[in-house]
């Protein structure tokens, strides 16, 4: 398939396996123009809004802060600072519910806005970015707290240091999930920001080409972006067919380049880097204006919302406050609130969670829109799941093995290539929550691996201890023997006996050799470790961390329950 | 505010097992009506007997297994099994054989393995084979299509025969039954008759047996509708029929007087029914698309081999059961290449 991507230029497109045509339901939130959310009375800013090391508070309770001021940061390479979204006073630094599938809490800085919305000192704008070293730009992007705004929240600066030549820079404006329109809105209303971001990114990566990919159900956005194109630049706007999940990084790379990212590899390995359109816009702000990431566009939609639309919300605003600005709930008892889209988003148990850098959509559907799941029936092996799987997996086989807790077998079927897009669950005639089974199997596999590592570590320590004791014992005995012999020997016969000294040395030598041999064996063993836990992608790492977190919480809970007895 | 939490995706599911089964039932209807038209009330009585007994056995076992009965009955899988079995057996088969077949299919072949989704063998075909081996005479006494019948029984007379073995006075069983076209062809070929000679008999229509070919046609319509509705995939039926026709063509070209022409094979016996309705049973078939091609083609080839050189005139049931056994192995060796696992294009 070929599409026009620039004046006088066509591009070939490829297809990925499977995929689904879903009811889009995007028009609902596109009725209204982009609104600026009013400042709420409280902003709750989680210190962990990104993948990587948590930021540490750099303010104390009672401090007054200015808009754009860094309030938390970390020196760790994979991390992102947090900025004050407005001026005000830090009233609390404490645990607060954060957006997480398990309803976990996390350390948050709570700011009470003073209403002045006064800017602090910002870094100088870099308007002529072409003449600036990309290392400086990268530092600017990092210091501005920019992470992947498509939902992955991986610190963007790291992705801009691939260490490999990049042929294709992809700006992802596919927005393939139903309901969500924040990227569409952004491209329609602020195409120039996105395009400037693309230019900066292309300059930094020195990529041959830059492709802005948009699904063809967004003609207005495509038109706006097209008008930003300049003849002399190597930037193209590619209209891709609407097919969920075309916005998945791996799928999009396949569509645009025909290449596949190797399993547990990174896009850079095939010469590609992907950034979301909102990330590009944020990068443009950071570089051209010195403005850090303190707000984002959030789609508030669903038939349970009175005035669905897109709102630019300060980070830290509570979901409930934002929904109130979208007219509030239509029903007295809304049944469900989803963070993200219907396919990959997760349910919130409360609307008192803050908007974070990764929050693209709040979806409040009615029971009619998303009826509660029916009880699952037995799998009839129809294979529809395999037909729609964008990773070309056999979801049904993975389901059987997950159910049987045969973790090895389920990994043989490439469990870890599953992107949890939900296509298989959507088409399953038996209404089996397939994705849930894969999450379970992944979590169990990681836990098993963790346990294996822990026991390996314990064994290692034990072995070291044994060998150390043996060595000490040997040394002690040798010393004793030597002493005895020295005593026995008459002082006159004080002569060097090479054999005796050799014995001593020999025992030491043997102990050392044995220890070295054991260490070498262990090393060899470690190198044969299971395939699933090496070279994890950022998203997988995030999942692992989430799982670990959940386990820790569960363990804490258990300990708490045990204590009173 | 508290909200319910469920696992993603949060969408209205688009498919349902009972809908899939219902589509199979609907797709069978034209063929069933055609069968009843050509072979009389016995077909419908068989269907009623099979559906009632299959449902009863299913309910009984589910009750014994202490599971909720209604959802299982409503998935209609027992009805589909009953229908497939009932249209495969002769219209005059004694009632207790129909019930016995259903008992075996539902209790032994389906529920003893764990019910829908867990049975390795196609229940309807396993029951058919059990009866064919145990009661060969009853299972091969077919009726002629009404155009050829010297004497037709009315519904009361059919019921009397099926339930009490009583025929109207002066009627001999041999006078009202007739071998199937496949059977005739076999017997005559064994007598070294030439095909052109055999086809002089009034039993023969344009392709297969008179009446039979039209039943096959209507099952084909239903099958194509199922492919269109994506109730089944095209891989198994196409591969099945290609395997059968391919084999038939090779041997027919080799010797047209000793090996029947391909269309005869296509429109005789259970070929069409088997290709679209029996081999496509998802539970017992291959699930990978490449595997389905191998699975279907193997059944087609086996049908031809057994029909031509085996001990039975038709072979769909045997071929399907044999390939049921091979399905998991075929699936294992035809796994698709997962994204990112080598072989990326460009």
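Cβ coordinates are placed from backbone N, Cα and C, and glycine is handled just like the others.
A TrEMBL annotation is a machine prediction, not a hand-curated record.
Since we're looking at a predicted model, the values are computed, not measured.
Record features (TrEMBL):
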| type | residues | note |
| --- | --- | --- |
| TRANSMEM | B:20-38 | transmembrane segment |
| TRANSMEM | B:44-62 | transmembrane segment |
| TRANSMEM | B:69-89 | transmembrane segment |
| TRANSMEM | B:95-113 | transmembrane segment |
| TRANSMEM | B:125-143 | transmembrane segment |
| MOD_RES | B:180 | FMN phosphoryl threonine |
| TRANSMEM | B:211-228 | transmembrane segment |
| TRANSMEM | B:235-254 | transmembrane segment |
| TRANSMEM | B:260-280 | transmembrane segment |
| TRANSMEM | B:292-309 | transmembrane segment |
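Of the candidate ranges B:69-89, B:125-143, B:235-254, B:260-280, B:292-309, B:260-280 has the most C-beta pairs within less than 8 angstroms of the transmembrane segment (B:211-228). In this chain, the transmembrane segment (B:235-254) does not touch the transmembrane segment (B:69-89); fewer than three CB pairs sit within less than 8 A of each other, excluding pairs fewer than 6 residues apart. The DSSP secondary structure for the residue listed as 'FMN phosphoryl threonine' is coil. Each of B:44-62, B:235-254, B:260-280, B:292-309 was scored by its Cβ pairs under 8 Å to the transmembrane segment (B:20-38), and the highest score goes to B:260-280. Contact check: the transmembrane segment (B:292-309) against the transmembrane segment (B:44-62) gives fewer than three Cβ pairs closer than 8 Å, residues 6 or more apart, which falls short of the contact criterion.
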